[in-house]
Amino acid sequence: MSKTHLTEQKFSDFSLHPKVVEALEKKGFHNCTPIQALALPLTLAGRDVAGQAQTGTGKTMAFLTSMFHYLLSHPAIADRKVNKPRALIMAPTRELAVQIHADAEPLAEATGLKLGLAYGGDGYDKQLKVLESGVDILIGTTGRLIDYAKQNHINLGAIQVVVLDEADRMYDLGFIKDIRWLFRRMPPANQRLNMLFSATLSYRVRELAFEQMNNAEYIEVEPEQKTGHRIKEELFYPSNEEKMRLLQTLIEEEWPDRAIIFANTKHRCEEIWGHLAADGHRVGLLTGDVAQKKRLRILDEFTRGDLDILVATDVAARGLHIPAVTHVFNYDLPDDCEDYVHRIGRTGRAGASGHSISLACEEYALNLPAIETYIGHSIPVSKYNPDALMTDLPKPLRLTRPRTGNGPRRTGAPRNRRRSG
């Protein structure tokens, strides 16, 4: 975590449980990020928190630190049964749930509190086996959580701490009824510590906080630009015919160490993957159609650096904690203004710099005015020379289901192509 991203406030300055402080310092966390410095005084005093912060600013560690401290400082209810977790974290996607679980593991190891995962699409029996052994903290997506609850594999009657992460995304994905169903199975709001975190605190998110929390304190950490001042933004206006060639030319020019390319549909993502894989790039595909085990494998390969490029739909736009993403390409301008912010927020995280390149084609250029109004500034426009676009491109690979595979390893040096001045 970059020092420029941190405050002078140290975790050791708070009256945190010693085991929590020890675990944080062992992982190299000494100073708080702004959202952590704002949230911890409130949660340590037992106050509910609804927090807004740009992605990559330490929201996850803010609620995990608060949760572990609370559970260590407050006894579990008497005669708690093995199927009753003490804390629940709800996440909108499987990937985010898995990432939160990974972030929580060092704290769990240091404190002895047990973790459980519950997400759909994979591992029903494996997850259930862990739950049946008893967990203190359950992390999951709403559909699988409800499934286990209806089967009496879990009972939420002993919940002492609850976290709703990426609350705005929960609304976008249509999970609000599931969330309310789960809340109704918990003790009343004034008998638990409640935390909600979101990239935006819209009216509907605040309404949810009012319904399900106990007089929550609202905290916000937002840069002057919604997109973050460390992200260089750039916009091109290609024709539909030149769009793919422009993307491939830009990739050859930029030769990014680690890039994510976003498109608006899974079919467009598959098309992009086919072109890049055929051209020798180490590229992975992440859409809703990709099987869970392969999704996790692809994310792991991308995080390790075995893949240079990830092509993704907005299912992957939030909650991905991938370090050192250097470039984000918006192959399609998103229909939702907030998705633009979340997409390019994959780069320039935790104080690092990043580069976002957007293609405003004939089909999606109409989304640009609303995006620029939302972010509060115009995206700088760059020109390109159509005659300098790559032409020596191989025939794209076709995706054979259920394969989601990776392209061949990137070889050689980037080809030299120049933009117009």
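Note that Cβ sites are derived from N, Cα and C of the backbone, with glycine treated the same way.
Fair warning: this is a prediction, and the values are worked out from it, not measured in the lab.
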Segment assigned the feature motif 'Q motif' in Swiss-Prot (from 9-37, 125-153, 270-298):
9-37
According to Swiss-Prot, motif 'DEAD box' applies to one of these ranges: 81-84, 165-168, 177-180, 185-188. Which one is it?
165-168
Can you see whether DSSP assigns T57 (ATP binding site) to helix, strand or coil?
coil
Intrachain neighbours beyond the motif 'DEAD box' (165-168), with Cβ under 8 angstroms and 6 or more residues off its ends:
59-60, 63, 89-93, 96, 100, 196-200, 202, 205, 208-209, 318-319, 338
Just to be sure I understand the packing, how many Cβ atoms besides its own are within 10 Å of the Cβ of T60 (ATP binding site)?
24
